[in-house]
Structure formats: C-alpha cells, structure tokens
Amino acid sequence: MEIAAVTPWWVNVLLGIVVVNLLVWPLTSRWVESHLELFLLGVGAAAVTISGGWSTEFLYETLNYPVNVAFIVLVVSVIFNNYSRYIFRVLFAFFRKLEPRYSFALLIFFLGMTSSLVSVTVSALVLAEVLKVVNLERTATVRITVFACYAIGLGAILTPLAEPLGLIINNALAGAPHHADFFFLLRHFFWWITPAVVLLSLAAGYCARNAGTTLQMHIREDKETYASMLRRTLHIYMFVAALNLISTGLRPLAQSTITHLGGKILFLANAVSVIIDNTTLAAIEIVPSISDKDLIYMVIGLAAFGSMLVQGNLPNIVAAEKLGIKSREWASIAVPTGLVLMAGYFLSLSILL
C-alpha cells in the first residue's frame, strides 16, 4: 500500500482515537472480551478506511494473509486429536521423570529457543495441548501460558527461517554495511534473548511448583469434534486478518511518530507493538544504514512488548484461543511481566551497549 510521505494531521488524530479504542475496550467491556476477533476486525477496517488503504490488492492480501496460519492450526489440531494417545505417552514419560517445575521449565525453554525454526504457531499449539491435559489450577495455567508466549516471541527473532520478523530484518540488511547472512540474527541477539528465555522458563516452572505429586496427567479419550476444530481455526483466521488490517491502517501513524527515533526512545516507542504487528513496525523502521546499537534496541523492544495483550502477538492468539483465556485474564499477568522485561532490558542495554 502506498502512503504519502506526510500524513494529514486529522488522519493521525483519528488513528490515535483508534489506538485508544484498541487499548481500552478489550480490557473494560465483557462483550468485546468475548468477541475480540469481531471487535478487532471492525476496528481494523475503520483504521484502513481512515488511512485510505482499501484496494482490490489489499483486500486479497487480507483474505490470503491468515491462510497459512489457519492451515497449520487445523493440521496440528487434527494430528493431536487423532494421535494424542501416542504423542502424550512420550510427553508424560518426560514429565514423570522430573518434578513438574523442572519439566515445565525445560519444555518452555525448548519451545522458546526453537520457535524460530518450527514457527511460533506450532510452538504455541504444542504448549496449549500440553496444558490442556495437565491438571493445574487456572491461575497457574494462565501464568505459564503468558510466560511461555513471551519466551516463544523472543526466541522467534533468532533465525530468519520460520518467522517473518527475522526474514524482514535479514532481507533489509543483506547488503552493505551489515551483509546479513543466515546467522546474523543469532550472532546479534543470542546473548540478549537467551537469559530472558531462561528466566521466563524458570518463572513458568515456579508456577507449577505447588503441583508436586498431585500433578495429574491424562490421555484424552473424548476426542474434539471437527466442527469445534474448524470453529477455532476460523476464530484464529479472523484474528490474523484483523492484525493485518490494524497494522496496515495504523502504518501512517507509526511513520509519522516513531520512524525517525533512535536508540532508547525507539525501544520505548516500540511499545506500540502490543497493537501493531511487529513485522509491520520492523518493515517501517529498519533501513540498511541503521547502526548495530539501534538495531538491537529496536528488535528487543518489538520482541519484549509484543505479548502484553492477547492481540499483540500470534502465539498469544493461538494459545489464548485454544485455552479459553480472556483479554483481562491475559493482561493481568502479561502487562506486569512486560513491564519487568522492559525495565530489565532497558537497564541492560543502557549499561552494556
């Protein structure tokens, strides 16, 4: 979509109102919380209308954009549903060998560090399927899910293989002066990402500490109906389509407000990734002339903020939909976690860069 170099002030004002609605209504209205995908579709359509982004090509892109994600969700759901007895027998053997806190910590560390290789969608689905058959109290389940989705989102930037954010960064910096290759992201971010994934994994394990010997695991006998799987797949399709609408509609506002920032200010400004897809922000912000320091601030900011709201990141959407976690439930854990991550990263980057 082509966007004018200078966005009219009234467009930015209206898009600012859209942003306020995106932040407020999912946390204050029970109807919106229960029908979040419909709300996001409506708000996204309004944002695209305000920014003048409608076209036949864009409509086709919006309808096509969620297909791969929805297909993965459906296929993995069918596999887990039909072969759960064999899959979970292996998982349960692992869980029974270790205390719950260690097994959860190792599982989430593994999902986080491999999410850029297998895709965040698959990682989130594996997490949700495991949590569905492990009888933990609701609060522990929500906390483990949030911590895991943060870990998955952070790990997703380590390679350009399975996630668009890494691919966008590599493609933008393939030429001089960075000459980004396959291991470019791993070299620049491994030591920044790994400690956070470890801490999030330990936090998830801590949440499972009280399970002790009462942790119950059962192999599902009551298979999910295909209608139920299709319904959930449709919900996720709508979520992802809405993210594309919101990201495209709010792009003029992002270009007007954050694209000329750098370093620490850019890190903080990327808090908007809770409502704008981080691949859109990366495509706007990354230019070949960006310094290594600004690149690290920018990418860490995108990854650290993305899971604060359900709609902020794809693994959040997949896991929350699968486990029935509502917006307020999610935010009550994810916002404090995101603020702690933000503060920790901000101090670390300020001292070490």
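Positions of Cβ are set from backbone N, Cα and C atoms, glycine also.
Just so you know, TrEMBL annotations are computer predictions that nobody has curated.
What TrEMBL records for 6-24 (among others) is transmembrane segment. Within its own chain, the transmembrane segment (6-24) has Cβ neighbours under 8 Å at 40, 43, 46-47, 50-51, 246, 249-250, 252-253, 255-257, 272, 274-275, 309, 311, counting only residues six or more beyond its boundaries.
Look at TrEMBL and you will find 36-54 (among others) tagged as transmembrane segment.
Taken from TrEMBL, the feature transmembrane segment applies to 66-83 (among others).
The transmembrane segment annotation in TrEMBL covers 104-128 (among others).
For 140-161 (among others), the entry in TrEMBL reads transmembrane segment.
Proximity of distant same-chain residues to the transmembrane segment (182-206), defined by a Cβ-Cβ separation under 8 Å and at least 6 residues beyond the stretch ends, is recorded for 100-106, 108-109, 112-113, 116, 143-144, 147-148, 150-151, 154-155, 157-161, 166, 169-170, 173, 292, 295-296, 299-300, 303-304, 341, 344-345, 348. Sequence annotations record features per position, and here TrEMBL assigns transmembrane segment to 182-206 (among others).
Positions annotated as transmembrane segment by TrEMBL: 234-253 (among others).
TrEMBL lists 296-318 (among others) with the feature transmembrane segment.
Here TrEMBL flags 330-352 (among others) as transmembrane segment.
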Is the transmembrane segment (234-253) in contact with the transmembrane segment (36-54), using three or more Cβ pairs under 8 angstroms as the rule and ignoring pairs under 6 apart in sequence? yes
Of the stretches 104-128, 140-161, 234-253, 296-318, which racks up the most C-beta pairs under 8 Å with the transmembrane segment (330-352)? 296-318
Applying the under-8 angstroms CB criterion, which one of 104-128, 140-161, 234-253 scores highest with the transmembrane segment (296-318)? 140-161
Near the transmembrane segment (104-128) in space but 6 or more residues beyond its ends, with Cβ under 8 Å, are 69, 72-73, 76-77, 80, 98, 144-145, 147-149, 151-163, 166, 185, 194, 197-198, 200-202, 204-205, 207-208, 313-316, 318-319, 322-323
So what's near the transmembrane segment (234-253) in sequence-distant terms, Cβ-Cβ under 8 Å and 6+ beyond its ends? 1, 3-4, 7, 11-12, 15-16, 18-19, 22, 36-38, 40-41, 43-51, 53, 58, 61-63, 65-67, 69-70, 73, 272, 275-277, 279-280, 284, 311, 314, 317-318, 321
